[in-house]
Amino acid sequence: MDYLLSLIGSLLLVICVMVGVAFLTLLERKVLGYIQIRKGPNKVGFMGLLQPFSDAVKLFTKEQTYPLLSNYIFYYFSPIFSLFLSLLIWMSMPYLIKLYSFNLGVLFFLCITSLGVYTVMVAGWSSNSNYALLGGLRAVAQTISYEVSLALILLSFIFLIGNYNFLNFFMYQKYMWFIVFCFPLGLVWFASCLAETNRTPFDFAEGESELVSGFNVEYSSGGFALIFLAEYSSILFMSMLFSVIFLGSDIYSILFFFKLTIISFFFIWVRGTLPRFRYDKLMYLAWKSFLPMSLNYLFFFIGVKIFILSMLF
């Protein structure tokens with residue numbers, strides 16, 4: 001019975017994430033519209049509320065094309081696997097009951113984000129297009145570089161908390177949010193999340209000016225829609241994780257969803273305001289700026305933990 005309830009809970013979560021992704025795309029188009037001093041989509045339904053659903057119908061009813069020289073099986077399955085991974089990562093969502101919230105949630109998150117690299121790489125390689133391959137290689141290098149900083153930031157909090165469970169982040173932030181005394185770390189985390197999810201200003205995998213459309217250049221209709229869904233699902237997850245780790249929000253309060261919306265809005269706001277970074281500067285930022293900073297904070301947290309333990313015993 002418990003297994004059945006957990007299964008139903010996770011299916012409901014996946015459906016809600018999908019609906020959230022639909023409205024996140026609408027929010028993005030609206031916000032970008034107002035940033036560029038124009039209206040966003042406002043024709044379909046009331047104020048364009050049904051626009052994402054008409055987009056979905058359009059994308060999934062289009063003809064599925066594939067390049068003759070592509071490695072068809074890999075080409076076909078990499079978007080599906082990509083979406084599967086970005087939905088699987090939601091299983092580590094810190095709920096107390098009826099979901100798979102487990103003690104090693106942080107480790108699970110790191111494992112799944114590492115696996116996400118392969119889908120992009122395989123999608124780029126199997127298309128058998130130079131543009132797609134270059135985009136895939138860029139995405140892999142970028143994701144691996146920024147994952148180091150993400151892992152170190154998480155590790156520093158784990159040293160402080162002494163547990164891999166996301167639920168413990170709530171308990172430790174009952175009186176003060178981590179963002180208060182780790183503001184620089186919060187900014188590093190946010191920038192790393194932008195790089196992880198291939199968003200502006202780090203969207204080199206999809207650099208239109210250089211690579212046509214990057215690793216998804218050969219994808220159309222359903223395949224493109226699945227890659228798109230995976231990207232926006234991971235944006236929502238990263239926003240959720242930011243509010244859990246730094247803003248200490250209890251997942252059962254309405255404030256948690258408000259914070260999640262604000263962080264998602266920041267993702268869109270950055271896209272509307274910042275130009276694309278230069279690739280060498282991106283790598284410079286990852287290895288010479290973010291890595292030393294997260295290492296310094298790691299040692300700082302180890303020192304704090306040792307100090308607390310020495311005071312106790």
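The backbone N, Cα and C atoms fix where each Cβ goes, glycine too.
Under the heading transmembrane segment, Swiss-Prot lists 7-27, 73-93, 104-124, 150-170, 175-195, 226-246, 250-270, 293-313.
In terms of C-beta pairs under 8 Å, the stretch of 7-27, 73-93, 175-195, 250-270 lying closest in packing to the transmembrane segment (293-313) is 175-195. The stretch with the most CB contacts under 8 Å to the transmembrane segment (7-27), chosen from 73-93, 150-170, 226-246, 250-270, is 226-246. With a cut-off of 8 Å between Cβ atoms, the residues of this chain six or more beyond the transmembrane segment (226-246) that come close are 17-18, 20-21, 24-25, 79-80, 82-83, 85-87, 89-90, 93-94, 109, 116, 119, 123, 154, 157, 166, 169-170, 177-179, 182, 186, 189-190, 193, 196-199, 216, 219, 256, 259-261, 263-264, 267. Residues 74-75, 78-79, 81-82, 85-86, 88-89, 91-92, 94, 132-137, 139-140, 143-144, 147, 150-151, 154, 158, 164-167, 196, 198, 205, 214-216, 219, 227, 230, 234, 241 of the same chain lie 6+ residues outside the transmembrane segment (104-124) yet bring a C-beta within less than 8 angstroms of a C-beta in it.
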